[in-house]
Amino acid sequence: MPIGVPKVPFRLPGDEDAVWIDVNRLFRERLLFLGQQVDDELANQLICIMIYPNGEDDSRDMYLYVNSPGGAVFAGISIYDAMQFVVPDVQTICIGLAASMGSFALAGGEITKRIALPHARVMIHQPASSYYEGQVGECIMEAEEVLKIRDCITKVYAQRTGKPLWVVSEDTERDVFTSAEEAKVYGVIDPVAVETSSNSPISKLTKS
């Protein structure tokens with residue numbers, strides 16, 4: 001085994017020899033972090049990290065810590081879809097701010113296992129288009145696509161929060177900021193964390 005970065009041997013189907021794959025201690029503990037603006041690169045990294053332990057041991061929960069201002073819509077949706085695809089439950093924990101696609105990922109955690117710290121903030125809103133120049137036909141096509149994405153996101157929020165579709169649709173017309181307690185009432189999260197459990201993966205990591 002190479003000296004330095006922890007690695008594990010992994011052999012792809014059809015390959016004769018195994019290759020050494022980097023494994024970070026946090027990832028081995030199934031601790032994932034969405035701590036910046038969501039983009040394609042970050043989404044691909046998180047998806048890979050979720051898929052690998054899913055095939056290795058599907059009996060242990062994963063933990064996704066969210067502190068993100070949001071970002072690219074399709075990247076956020078891909079993270080949400082991966083969370084629903086993997087067999088283990090994905091617990092989501094909001095630390096700081098979960099806005100836009102950050103709150104979308106937060107709501108996508110296993111229901112009853114979505115947590116926010118007491119001073120966390122959550123924001124939901126509708127997707128926005130960045131296409132402002134071009135021919136009229138192209139702008140119309142862009143607007144139609146944005147409406148389809150908005151409809152998709154609204155349905156997911158309604159499903160994950162238990163709110164009627166029309167309520168979520170009206171609320172996401174603008175930026176809606178909530179406290180942790182308000183997010184709990186709305187249904188984006190479940191409990192609000194009040195103290196660190198001795199069984200927390202963070203506790204086990206720092207004590208080892």
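A Cβ is built for glycine as well, from the same backbone N, Cα and C atoms used for every other residue.
Taken verbatim from TrEMBL:
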{"type": "ACT_SITE", "residues": "S100", "note": "active site"}
{"type": "ACT_SITE", "residues": "S100", "note": "active site, nucleophile"}
{"type": "ACT_SITE", "residues": "H125", "note": "active site"}
Excluding its own, the Cβ atoms lying within 10 Å of the Cβ of S100 (active site) add up to 25
CB neighbours within 10 A of H125 (active site), counting all protein chains shown, number 18
